[in-house]
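According to TrEMBL, the features are:
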type: ACT_SITE; residues: Cys95; note: active site, nucleophile
type: ACT_SITE; residues: His233; note: active site, proton donor
type: COMPBIAS; residues: 159-169; note: compositional bias 'Low complexity'
type: DOMAIN; residues: 5-293; note: domain 'UCH catalytic'
type: REGION; residues: 150-175; note: region 'Disordered'
type: SITE; residues: Gln89; note: site 'Transition state stabilizer'
type: SITE; residues: Asp248; note: site 'Important for enzyme activity'
Amino acid sequence: MEGQRWLPLEANPEVTNQFLKQLGLHPNWQFVDVYGMDPELLSMVPRPVCAVLLLFPITEKYEVFRTEEEEKIKSQGQDVTSSVYFMKQTISNACGTIGLIHAIANNKDKMHFESGSTLKKFLEESASMSPEERARYLENYDAIRVTHETSAHEGQTESSSPSSSQPHSSHCRTKASSLCHHASLPWVKRNHVGPAKATSPSLRLRRWRPFLRLPSLGLHSVAPNIDEKVDLHFIALVHVDGHLYELDGRKPFPINHGETSDETLLEDAIEVCKKFMERDPDELRFNAIALSAA
């Protein structure tokens, strides 16, 4: 029997922040866009940063790497502190919500929760569970599921209603869906030649968010419906006990990417993001948002 399937979330700070607010998180930390990997662009991100969410395409190259990485870690082992909160993903298209849970759960001491917070209640009740038990618990946690669905619709995700099939204006935000084959390419790899820098171009990622009606460009501005295959995926990058962890519910365990600190988390996380991009140099569908102090 097929498992649950949710509508995909956008990699969009407005959507994620509203989602977390509805789950009872006080906005003393907010998600913001990461516009590129150059130091000057990273300097635009408010500090401190306590987590980074990366949206990336699941390709054949990535799946080969994922299998090899898993076999290598199982063979050689790795150090993972018991303090890491990690859960598996058993719900299709729930990677955005699971990424947010990973980001907040591993920074719970920094967060302020409203009275009666749904997210705080879920984290407390699942604290002693295994990653698999947390996944099953989320499957039956209606308060989070309903909030996820609301946020997905607010992010201009296509529902099953007939009227939603009509194209409309959009800001080309990346959605966790296959529409990104055609539109929503917020991080575009370019040889950047800026004023007085023509002799020393550098690799830059630039946010592509034109204020144009997408239908005029032959593009699509809405995500697929709930039954359509999605090939983009969210992961969280967090700092726990002096190490940088990649948390991906499709993987059997957290991935330890080495030492980090509260001060260097953003730069260290972006180095991991670079590796994702280097493995798929022909892909453009990458996007990152950072959880920063408001």
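Cβ from N, Cα, C; glycine included.
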Segment-level pLDDT (mean, integer) for the domain 'UCH catalytic' (5-293): 79
Protein Cβ atoms within 10 Å of the residue listed as 'active site, nucleophile', excluding its own: 27
